[in-house]
Ligand SMILES: [Zn+2]
C-alpha cells in the first residue's frame, strides 16, 4: 500500500466538497476559521492511500499519524486529472487504423498524454467500414491508468450514422443511415458494444430515437454531431436520452436566430427538468473563434467540456508527416493538408486547450480546470471517482504552476509523469 502526502496548494474551486475545520490537524497549516463555503476552502496537503483520496481529518483522528511519504512537486495548483473524451490519435498513431496491434498504438498515446495532464481518455474512431470496427473495437478495452499511461474509459465512436452534408473529414463512402431494424443495424456495424462509451450520431436520421433509447439504456452516452438537425429535432433527441454535443459549432448548422439548431440546446427551455446538456469544445485557438468560445461559455458554463479532437499529428513537431493516406504539414499548433492552407485537424494537447480557454474566455482558473476534468467526468457519470478531489475519489490529479503548465501527473496516487524542472 502506498501513501503519498503532496504538500501543495489545492486550488480553492476544486477543493473537497466538505469544509475542513482546519484549526488543528496533522499538517502545518496555520489556524484559521472554517471556510465559509465549500468552494472557498483550501487544503495544503492531499492524502492518498490505496489510490484514493482520504479525508485527512478522519485519518488524523483515527490513526494519529501522518502519511509515510512526502513529495514536493514544486507546483502551486492541484487539480483533478484531465479527461479527454474525443481524441483520434496522436504521436503518429491513428486509432481508426485497423492493424493487428491496435493496442500498442493506444498504449503509446496513453503514455505520451500523461505529460499533458490527461489521466483518462476515450479513444475516438471516425467513420469506418464495419470490418474496421469489428477489428479495432475489441482491441481497445476499458483499462485503468497507471505508470504505463492514462486510463481508457471506453471508445468514442464518431459516425458512421451522421449527416452526409456535415460529414467534414469523414469518408462519404462509409456513411450509413438507420434502416428498418435500426439498433440491430448499429450492432451489425459496430459489433459488441462492451468497449464503447460514447456514440456520436445525427439525430435527424430516421429511427434515430429508438437507437438513442437503446444506447442510453445500455449506459452509452449519445452525442449529437455532424448533423443538420434543427433545434426541435435536437431537443427531441435529448428527450430520448442524448446528453452531449460533439464539437459545438463544428459540423452542424450555424446559429440562426429563428432556428439556432443544435447550438440552441445550450439555452433551450424545452429540455427535461434538471438535465444538463454537455458540449465538447475544441479550444485550440484555430477550430473555434475566441468570440464563439465566449458565447458558449457565457451561455452555459457548466456544460462545457474541453476536447482535443486530436489527430495522429499531435506531438509530431513541425514539418511534413505522412499519416495513412494523407500528407500533413505541422506548423506550431496547426496541421495543414501538405502544400495547402486547409486545416487537417486539431493537434493542440489538452493543457494547451485549457490555457487557451482560460485566456480566451477570461473565466476563472477553476472553471478552466473543471472544463477539462469535472465536466467530462459528469458527462460519463464518473463524477464520484474522476474529475474531483473529493474524499474517496480516485487520486488522479495534476500539479500545475501558476500559468497552468503541468508539473506532475498522478494516477491512483502514483507519480506517473514529472516535468524536468520539477525533478530538480
Ligand atoms: Zn467530428
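Note: Cβ is positioned from N, Cα and C throughout, glycine not excepted.
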Message = Quick check on the annotation: TrEMBL has 226, 247 binding Zn(2+), so which of 158, 172, 327, 329 does it put in that site too?
response = 158
Query = What binding-site residues in the list 169, 247, 343, 345 lie within 10 angstroms of residue 309 (active site, proton donor/acceptor), counting C-alpha atoms?
reply = 247, 345
Query = Which state, by DSSP, holds residue 345 (substrate binding site): helix, strand or coil?
reply = strand
Key: residue 287 (substrate binding site) and residue 247 (Zn(2+) binding site), distance between Cα atoms, whole Å   = 9
Key: Cα separation, residue 158 (Zn(2+) binding site) to residue 343 (substrate binding site) (Å, whole number)   = 19
